[in-house]
Amino acid sequence: MADVLSQSQIDELLKSMAGAAPEEKSAPEEAKPAEKKEELNKYDFYSPRKFTKEKIKLLRSIFENYARILTSQVNGLFRVMTDITVIELRETRYYEYVNSFHENDCMTIVDTYVPEMGKNNIPMMFYITPGLIIILINHMLGGGDQIIQVDDDYRYTDVEMALYKRALEYIIHAMNDGFSNYINVDFRMQRVEENPSMQQEVGLDETVVMIVLNVDVSGLAAEKIRICIPGTLLEHIFRVIDNRKHLARGFAYENNTDTIMEHLKGSTFPMTAQLGVVKLDISDLYHLQVGDVIDMNKPKDSTVRLFVGRQPWFHGTMGVYKKNISVSITDLITDQKLDDEETEEEEGTIAEVIKAVEESPEIAESTADTEG
C-alpha cells in the first residue's frame, strides 16, 4: 500500500499543478508599417528664398530641355553614348558652389546676351568633371570607347586645355537651343578660370541657383556638369520672360479694332473709275491707230464702276465738277449686285459673239452653199 497523502500535501500538489499549467498564447500582433518621416529642410529666415516655386519649376523645365538637346549633340559630335539628366536644381549661396571645387579644377565663365536688353554684366559659371572632358577629348582625337578614369584634382595639359575650350563651346552653344522656347538668349564662353576661388565677379553671399546634370557615359561612368546662375542674372532673364507673357496676353485678349482703324485711316488706296469693258480680237488690236473709236457697248448715261484697289465698291455717274471730270457715287456694290452684273456681262458677250458670227461673210457664204 502506498503512503496516504495528507491534506496539506494534496493542497501543495494541486497548487504546483495549477502553477505549471501552460499559459495561453496571446494572438500575434500585426506588424505596423514604419511611418515615413518627411525630410524637412530648415528655412533660413536670415536669407529668405529669392525665387518662387513656379520660377524654379520653369528653370527646371528649361534645363531638362537643354539636357535632351545636349545628349543628342554630344552623341552625334563626339561619337559617344551618353544620357544626360537633371538630378539637382536648388537655390543656394555662391560660397557653397565655390567650396565644392578642388585646387586644380577649371571653371568656365559664360557671358549672357539678351537681344532686348544687351549683355548682362553678371556671368554664369560652368564646371565639368575632368573624367567627362578626357573622354570627349579621347573621342575627338580618334580614340575608342574605353573609359578613362582620372582623379578629381587632375590638371590639364596645354593641348588638353585647348581641346577643353573647343568642347565647351559646343556644350555652351546647346544652351541657346534649350532656352529658345522661352527667350532669345545667346551664351558665349568668356574665359576659363583655373583658380575658381579667386573669382570675384559674384559675391560669396549672393543668391545663386545651382544646377547639377548627371552624365551617364555608356553605363560605365557617371560624370557631372555643375552650372551656377547668379540671382541677378536670373532676375534679368525672368523679367524678359514675364514681359513677353504679358504682351502675349494683351494681344490675345485686347480688342484692337479701334487702334487698327485709326492706323488705316491714314493709309492711301488708289480709286479707279471703270468706263466699261470690251473684248477685241488680236487682229483688231494690232491694227489700232490714233483716231480710232472703240465702242464700249454702253449708253452714254450709264453708270460706271468705282474700284478701290482691285475690288469694285461703288456705282457712279460721270460728270464735271469745277471743270474736272468727276464721278458722283450713286450706290454701294453688294455681292448680289456684283453677281447680277457679271451675269449680264456674260450674256452680252455671248450675244456679241453670235452677232459677229452671223455678220461674218465667210459664215454667210457657207450657210448659202448649204441651203443651195
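Cβ coordinates come from backbone N, Cα and C, glycine included.
Per TrEMBL, compositional bias 'Basic and acidic residues' is recorded for 22-37.
Annotation comment: TrEMBL describes 338-349 as compositional bias 'Acidic residues'.
Per-residue pLDDT, averaged over the domain 'Flagellar motor switch protein FliN-like C-terminal' (263-333), rounds to 85. Look at TrEMBL and you will find 263-333 tagged as domain 'Flagellar motor switch protein FliN-like C-terminal'.
If you look up TrEMBL, you'll see 17-37 (among others) marked as region 'Disordered'.
According to TrEMBL, the region 'Disordered' annotation covers 337-372 (among others).
For the domain 'Flagellar motor switch protein FliN-like C-terminal' (263-333), residue counts in helix, strand and coil come to 8 helix, 29 strand, 34 coil, using DSSP.
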